[in-house]
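So the structure is just underneath, and the comments pick up after that.
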Amino acid sequence: MPDSPLDPAIAARLKRNADGLLPAIAQQHDTGEVLMLGWMDDEALHRTLTTGRCTYWSRSRGEYWVKGDTSGHVQHVKSVSLDCDGDTLLVRVDQVGAACHTGDRTCFDADRLPLVDQPRTEEASRP
């Protein structure tokens, strides 16, 4: 990306979607709990790396938002990793309060889908 605010070595490794975005998974740094998925472009990633607070791009509102600026439920960044394909970010954070806008701890707490009954293999039945 020619106008990227990121270090050119980082920007060159990113595989963005057609809108210039990458999915960013927020994970609690000390427990491994998956908190939420947001979207980042180069500017949001740059802000995240330089401020220590997660900045996302809102696809619905078309603007940047810093997690916790409104709710107080801040994400303090501990580390940021790029996956092996260069198309997904893992942001390890210290989450203050709820991660989800619904008030749930994570965005994955409220709606668990039922699993279809399938024969269990010996390996799958081990704890």
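Using the three backbone atoms N, Cα and C, a Cβ is placed for every residue, glycine included.
Over in TrEMBL, the protein carries these features:
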BINDING   Asp83, Asp85, Asp87  Mg(2+) binding site
BINDING   Cys84, Cys100, Cys107  Zn(2+) binding site
DOMAIN    36-108  domain 'Phosphoribosyl-AMP cyclohydrolase'
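Asp85 (Mg(2+) binding site) sits 25 Å from Cys107 (Zn(2+) binding site), taking the CA atoms of both as reference points. Counting every protein chain shown, the number of other Cβ atoms lying within 10 Å of the Cβ of Asp85 (Mg(2+) binding site) is 8.
The Mg(2+) site is defined by Asp83, Asp85, Asp87, and by the 8 Å test on Cβ atoms against their centroid, the other residues of the chain that qualify are Lys15, Leu82, Cys84, Gly86, Thr88. Cys84 (Zn(2+) binding site) is surrounded by 6 other CB atoms, counting those within 10 A of its CB over all protein chains shown. Across the structure, Cys107 (Zn(2+) binding site) and Asp87 (Mg(2+) binding site) are spaced 21 Å apart at their Cα atoms. Mapped onto three states, the DSSP output places Cys84 (Zn(2+) binding site) in coil. Within the model, the domain 'Phosphoribosyl-AMP cyclohydrolase' (36-108) shows a mean pLDDT value of 97, rounded to a whole number. With DSSP states grouped into helix (H, G, I), strand (E, B) and coil, the domain 'Phosphoribosyl-AMP cyclohydrolase' (36-108) comes out at 10 helix, 29 strand, 34 coil.
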